[in-house]
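**Student:** One structure coming up, written as structure tokens, with questions to follow.
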Amino acid sequence: MEQTKSSRQTEKKESVKPSIYSMELDELKSWLKEHGEKSFRAGQIFDWLYIKRVTAFEDMTNLSKNLRELLAEHFVLTTLKTAIQQTSQDGTMKFLFELHDGYTIETVLMKHEYGNSVCVTTQVGCRIGCTFCASTLGGLKRNLEAGEIVAQVVKVQKALDEFGERVSSVVIMGIGEPFDNFDEMLSFLKIINHDDGLNIGARHITVSTSGIIPKIYQFADEKLQINFAISLHAPNTEIRSRLMPINRAYKLPELMKAVQYYIDKTGRRVSFEYGLFGGVNDQIEHAEELANLVKNVKCHINLIPVNYVPERDYVRTPKEQIFRFEKVLKNRGVNVTIRREQGHDIDAACGQLRAKERKEETR
Ligand code: SAH
């Protein structure tokens, strides 16, 4: 049987109250009814949380004092403390947030011509172990609650409020493997997508996975209209297993089958992320092999110049080689783009800021 939000919450230590940002609108309605309140108050609470964006229950002035006290008794409102906030020359903003238990997570705001995009974290650390990634260096500490993911968007929106701007899109591409924290991630999606709340359109949300195959099937069955990306990074099983140990459990041919199931089920195109790692997967023959792999797949390929991670010894592919790689794919009719880099001067790539902090802590 599917575990409900409240049962997940009661499993937690009693001393830690759940975040109100973890509650979907319908869950809030049921909770209110159970506590002798009218369910329409849920819409008012959503309005205070996501439209007026207050930071204390007592500011929710159209609720009775009793209800405000009841909420404060059962939930916390502020779950993230801003430890570091940096702005890059290109406008990218990076936040390091401290959680109630002292762990830190990163969130990045990217400025694009089409709007403001927030990259959220779903786990403290990661257990997937990709050999090029900074997020996985210390292993997985714990999953985030839906509300801790929602609060990242709210915090960034509050920073944007100062400029009268709005978060227009969300990418679930920060630290962690979202499909390894699947239920909380789905709750997060429902909360930020709700039109009584932040109202971020499904087509403005992207989730990326390293390829947890059973969850891809489950995700496909949800038939959401959100954008779906898969970290592919290799044209064949041998190279993928070298870069991403998860490929030993969830092999490339099965991954491609699951992706095809997703496409058939949703009718949507997928994105493949392909990091170019010098001498490993960036040769012309790899581009040819990649073109064959995705030949009949409704997809788009995002080429990512590798972000240098001091603990990892991968080298960057020279620019001309990246263009040659792209050209091979284009000539073979594959939709492909090279990812624009942002926030270099503030360690905005996945896990870099947090990795740096961790190192300073252990010094
Ligand atoms: N765990 C999910 C979400 C992370 S998304 C996933 O793996 O898809 C972040 C993207 O950046 C992933 O495609 C990841 O593989 C990629 N990435 C991580 N470290 C990188 C590095 N050093 N250089 C380039 N891309 C990297």
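Residue positions begin at 1 at the first shown residue.
Backbone N, Cα and C define each Cβ position, glycine as well.
Note: TrEMBL annotation is automatic and uncurated.
From TrEMBL, here are the annotated features:
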type: ACT_SITE; residues: GLU106; note: active site, proton acceptor
type: ACT_SITE; residues: CYS350; note: active site, S-methylcysteine intermediate
type: BINDING; residues: CYS126, CYS130, CYS133; note: [4Fe-4S] cluster binding site
type: BINDING; residues: GLY176, GLU177, SER208, SER231, LEU232, HIS233, ASN307; note: S-adenosyl-L-methionine binding site
type: DOMAIN; residues: 112-345; note: domain 'Radical SAM core'
**Student:** Spatially, which candidate from the recorded positions GLU106, CYS126, CYS130 is nearest to ASN307 (S-adenosyl-L-methionine binding site), comparing Cα atoms?
**Tutor:** CYS130
**Student:** Rank the binding-site residues GLU177, ASN307 by the number of other Cβ atoms within 10 Å of each Cβ and report the first-ranked residue.
**Tutor:** GLU177
**Student:** What Cα-Cα separation, expressed in whole Å, is found between GLU177 (S-adenosyl-L-methionine binding site) and CYS126 ([4Fe-4S] cluster binding site)?
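**Tutor:** Roughly 6 Å, rounded to the nearest whole number.
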**Student:** Filter the candidate list GLU106, GLU177, SER208, LEU232 of recorded positions, keeping only entries whose CB is under 6 Å from an atom of ligand 1.
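**Tutor:** Only GLU177, SER208 meet the Cβ criterion.
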**Student:** Can you give me the Cα-Cα distance between SER208 (S-adenosyl-L-methionine binding site) and the residue listed as 'active site, proton acceptor' in Å, rounded to a whole number?
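**Tutor:** On Cα coordinates alone, these residues lie 16 Å apart.
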**Student:** Same-chain residues six or more away whose CB lies under 8 A from the CB of SER231 (S-adenosyl-L-methionine binding site)?
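**Tutor:** Spatial neighbours, sequence-distant, of SER231 (S-adenosyl-L-methionine binding site): CYS130, SER208, THR209, SER210, GLY211, MET244, PHE272, GLU273, GLY275.
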**Student:** Tell me the Cβ contacts of GLY176 (S-adenosyl-L-methionine binding site) under 8 Å, same chain only and six or more apart in sequence, or just say none.
**Tutor:** THR121, THR122, GLN123, VAL124, GLY125, CYS126, SER135, LEU140, ASN143, LEU144
